[in-house]
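Visitor: Got a structure here, written out as structure tokens. Questions coming.
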Amino acid sequence: MKFLIFAFFGGVHLLSLCSGKAICKNGISKRTFEEIKEEIASCGDVAKAIINLAVYGKAQNRSYERLALLVDTVGPRLSGSKNLEKAIQIMYQNLQQDGLEKVHLEPVRIPHWERGEESAVMLEPRIHKIAILGLGSSIGTPPEGITAEVLVVTSFDELQRRASEARGKIVVYNQPYINYSRTVQYRTQGAVEAAKVGALASLIRSVASFSIYSPHTGIQEYQDGVPKIPTACITVEDAEMMSRMASHGIKIVIQLKMGAKTYPDTDSFNTVAEITGSKYPEQVVLVSGHLDSWDVGQGAMDDGGGAFISWEALSLIKDLGLRPKRTLRLVLWTAEEQGGVGAFQYYQLHKVNISNYSLVMESDAGTFLPTGLQFTGSEKARAIMEEVMSLLQPLNITQVLSHGEGTDINFWIQAGVPGASLLDDLYKYFFFHHSHGDTMTVMDPKQMNVAAAVWAVVSYVVADMEEMLPRS
């Protein structure tokens with residue numbers, strides 16, 4: 001049956017097949033929820049066509065193959081790097097060749113930091129080369145490096161209790177991994193807290209749920225009025241080893257060398273493409289992922305997958321000849337890893353039209369097998385999204401959970417626009433996150449097919465509804 005559906009929808013231009021009539025007064029909907037449910041249910045055949053094309057049809061594995069071509073040939077795409085700008089230009093050409101509309105680049109200014117050469121060696125109690133990855137925005141060491149005794153702590157509280165021991169030392173954090181959102185504070189704030197008690201540098205246990213001797217990088221933040229000290233992540237294994245040594249009273253000495261340097265901000269671009277709406281072209285449903293990555297691995301998982309299923313969503317809709325009532329806009333963000341820099345500048349440029357944004361969507365937590373969406377919005381909007389997700393019952397992907405926030409869409413969500421993030425299986429995500437292991441080997445083409453289908457169905461149906469999602 002699915003192949004019959006695909007053959008029918010693949011051969012004609014569907015334009016907008018979901019039915020719906022607005023009954024509004026002073027901008028307030030007078031439709032009952034049952035009427036809205038009927039409108040969404042009328043999109044069932046379109047949803048099946050998208051699923052069949054993405055998962056079983058000629059488009060299967062396309063997002064995976066497109067992604068592999070980019071990351072294998074360009075590699076990692078650090079903010080401020082030539083690789084990132086090369087990738088942006090390639091994507092600009094790709095989106096044009098794909099037949100999408102209003103393809104353009106929106107200029108932004110982004111940070112430019114480079115890690116340079118870096119090394120760490122344990123000198124006492126034995127010689128041991130320590131794998132490190134400097135953290136984004138860290139300063140470097142003097143050319144001769146920093147050689148100092150180590151103080152190992154497991155928390156900020158312990159650091160405060162032992163503050164008198166920290167001066168002139170390298171602080172090593174061996175904090176337990178609870179979850180990413182709770183543990184990442186040691187990466188972002190570890191240098192500042194160590195500097196406050198007089199440390200010369202900080203080394204932080206990688207924020208990872210599993211390790212095969214692999215350090216994980218990421219952004220860190222300095223604080224005005226606090227001395228800047230070099231900071232890097234080390235492996236889980238080395239952090240635990242030094243913690244065991246310290247518990248036995250063994251003196252540890254490390255020599256740390258880091259060539260990290262921050263350069264003036266540089267030019268970059270957010271990459272934009274659309275399928276212009278047939279009835280309300282000024283209104284927008286936004287789908288997105290970020291094109292930049294860290295400078296290790298390939299940035300395939302974070303966030304090549306999210307960027308490419310967002311492109312694939314528009315490709316699927318275009319291939320089926322669909323044109324929703326309002327505009328579907330793809331944005332591939334730049335400099336997300338530095339704190340959503342490109343996304344903030346996009347918001348500043350476009351917030352004048354905030355009343356026309358129905359839904360902002362971001363995929364930046366992997367493209368493993370999805371189970372649904374995370375959503376932030378009014379109760380009425382959530383109820384509507386639950387009906388939209390029911391169209392994905394053929395894939396058994398219907399969950400709508402809370403917390404749809406994402407770094408690049410938070411600006412809109414905080415201003416009241418409904419937001420959604422892809423909900424998928426994160427079991428392996430932090431094995432590879434911000435590490436040399438983030439390569440195409442992590443990616444699964446079949447899982448990407450399903451993720452793209454979810455992304456396309458949700459974005460299309462919301463864009464084709466007669467009315468925008470209700471806000472709080």
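Each Cβ is built from the backbone N, Cα and C atoms, and glycine gets one as well.
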Visitor: Check Swiss-Prot: it lists Glu337, His434 as binding Zn(2+) 2. Then name which of Asp302, Asp364, Asp464 it lists for that same site.
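Guide: It is Asp302, as the record lists it for that site.
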Visitor: Could you check which of the binding-site residues (His290, Asp302, Glu337, Asp364, His434) sits closest to Asn396 (N-linked glycosylation site), going Cα to Cα?
Guide: Asp364
Visitor: Can you tell me how far the Cα of Asn353 (N-linked glycosylation site) sits from the Cα of His290 (Zn(2+) 1 binding site), in Å?
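Guide: It is 22 Å, counting Cα to Cα.
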Visitor: So if I measure Cβ to Cβ from Asn61 (N-linked glycosylation site) and keep only same-chain residues at least 6 apart in sequence, which ones fall under 8 Å?
Guide: Pro445, Lys446, Met448, Asn449
Visitor: If you measure from the C-alpha of His434 (Zn(2+) 2 binding site), which of the recorded positions His290, Asp302, Glu336, Asp364 fall inside 10 Å?
Guide: Asp302
Visitor: Can you list the residues of the same chain, besides His290, Asp302, Asp364, whose Cβ falls within 8 Å of the Zn(2+) 1 site's Cβ centroid?
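Guide: So the extra residues in range turn out to be Gly289, Ser293, Asp303, Gly306, Ala307, Glu336, Glu337, Ser363, Ala365, Thr407.
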Visitor: Run through Asn179, Asn356, Asp364 for me and report the recorded positions whose CA is within 10 Å of the CA of Glu337 (Zn(2+) 2 binding site), in sequence order.
Guide: none
